[in-house]
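Enquirer: Mind having a look at this structure? Questions to follow.
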Amino acid sequence: MPYFTRLILFLFCLMVLVESRKPKRKRWTGQVEMPKPSHLYKKNLDVTKIRKGKPQQLLRVDEHDFSMRPAFGGPAIPVGVDVQVESLDSISEVDMDFTMTLYLRHYWKDERLAFSSASNKSMTFDGRLVKKIWVPDVFFVHSKRSFTHDTTTDNIMLRVFPDGHVLYSMRITVTAMCNMDFSHFPLDSQTCSLELESYAYTDEDLMLYWKNGDESLKTDEKISLSQFLIQKFHTTSRLAFYSSTGWYNRLYINFTLRRHIFFFLLQTYFPATLMVMLSWVSFWIDRRAVPARVSLGITTVLTMTTIITGVNASMPRVSYVKAVDIYLWVSFVFVFLSVLEYAAVNYLTTVQERKERKLREKFPCMCGMLHSKTMMLDGSYSESEANSLAGYPRSHILTEEERQDKIVVHLGLSGEANAARKKGLLKGQTGFRIFQNTHAIDKYSRLIFPASYIFFNLIYWSVFS
């Protein structure tokens, strides 16, 4: 018994010792001020963070078969379209195409996507939902290349309204064919079209239309091209027929481009005109300066050939004549004719000199003259005067064949040469020979060539401008 009593006392003392070592808590009688929540944290309930059951999903995507179009089996579903053109990136004459960046938007109603909303607000999604629902299969007719932009993410937007109306928008760059007519190039205007059409659904299943008529096409005012002036954008629509599949609604984005002429004036027309004018310089060069006139003619011909080759290299190989071809080839003909003109002048000069030598051999100078030289007269003397100056009696008349256009005489320096002095043909007592260096063809060419080229330019610019 004493043993148990001692054990109980020992345990009691141990408990008292343990309690005495614990820290004592002070009782607070005041009020604790809690921090006030900031207005930044006052958010509405985020429904995306609430896990709901399948029947409670707003769009109920998994409950419907979206492989079929809306109202399948009924009338054609109307799909409105509007386009905002962001830029015209390039126009290629060689490939006969254009590149355009645009925002393409579709509008339709799909009751399978209707949802209840107390605030009647729409919901916006990115491109991931597009793969789960039905969207129109619009494609670009006659397109060569096209892609949807994906920087920094896919440029696709889907907006669904509570009543089931859907807005589907995407940003696209497309390169499409443009049938160009270069018969008036570079004084031409081109009309190109971007065509939109449903790939699978005929007009019995899908009715594609411009949502607001011509107002459905918007363009950026800053759109500009280096070689073209954008004159007009407008929309049209019509039906397209395929013998195997039927009729389809097709929408057209039409735009008209007028080419800037100033670039081609500097690069093509002015150089060609200068080459033609340079070829006329040979008409003022001495006809006996063969190297100068020949080298000038060849240089202008080769330069015109280079200009024509450079222009054709930047153009498609069309089977008809362009306006610039007419101008360049006519200019080339003028340059080439200037070369032929000198060939004719040189030939006639050679023939003339040969006849003069024969004439001198036929009528040798046996008039007892101390000093004599041959003189070529320019035709201002009569036949009798020329013969008298030559020391021949009037009965001896040179024939026209002998004289040709120039009369060659032997002039004696004697006291009876007063008639020749009267004509100013003698200087002192020594005879000399006067050469008429400018041929008659050169004289006429100085007027005919410039007048003809100016007349051609007047007709050309009045027809094509």
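From the backbone N, Cα and C atoms, a Cβ is placed for every residue, glycine too.
Heads up, here are the entries from Swiss-Prot:
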type	residues	note
DISULFID	CYS178-CYS192	disulfide bond
CARBOHYD	ASN120	N-linked glycosylation site
CARBOHYD	ASN254	N-linked glycosylation site
SIGNAL	1-20	signal peptide
TOPO_DOM	21-260	topological domain 'Extracellular'
TOPO_DOM	282-293	topological domain 'Cytoplasmic'
TOPO_DOM	315-325	topological domain 'Extracellular'
TOPO_DOM	347-443	topological domain 'Cytoplasmic'
Enquirer: Check each residue in the chain of CYS192 (disulfide bond) that is at least six apart in sequence and keep those whose C-beta is under 8 Å from its C-beta; list them in sequence order.
Expert: ILE91, PHE98, ALA176, CYS178, MET180, ASN254, PHE255, LEU257
Enquirer: Ranking the glycosylation sites ASN120, ASN254 by other Cβ atoms within 10 Å, which is at the bottom?
Expert: ASN120
Enquirer: Could you count the residues of the topological domain 'Extracellular' (315-325) that DSSP puts in helix, in strand and in coil?
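Expert: The counts are 3 helix, 0 strand, 8 coil.
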Enquirer: Can you check how the pLDDT averages out over the topological domain 'Extracellular' (315-325)?
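Expert: Residues in the topological domain 'Extracellular' (315-325) carry a mean pLDDT of 89 in this prediction.
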Enquirer: Quickly jot the same-chain residues contacting the topological domain 'Extracellular' (315-325) by Cβ under 8 Å, restricted to those at least six beyond its ends, or write none.
Expert: 93-96, 182-188, 264, 268, 308, 460, 464
Enquirer: Looking only at the topological domain 'Cytoplasmic' (282-293), how are its residues distributed among DSSP helix, strand and coil?
Expert: 7 helix, 0 strand, 5 coil
Enquirer: Same chain only, please: residues at least 6 beyond the ends of the topological domain 'Cytoplasmic' (282-293) with a C-beta under 8 Å from a C-beta of the stretch. Say none if there are none.
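Expert: Answer is 338, 341-342, 345-346, 349, 437-439, 442, 445-446, 449.
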Enquirer: State the three-class DSSP label for ASN120 (N-linked glycosylation site), counting H, G and I as helix, E and B as strand, and everything else as coil.
Expert: coil
Enquirer: What does DSSP assign ASN254 (N-linked glycosylation site), in three states?
Expert: strand
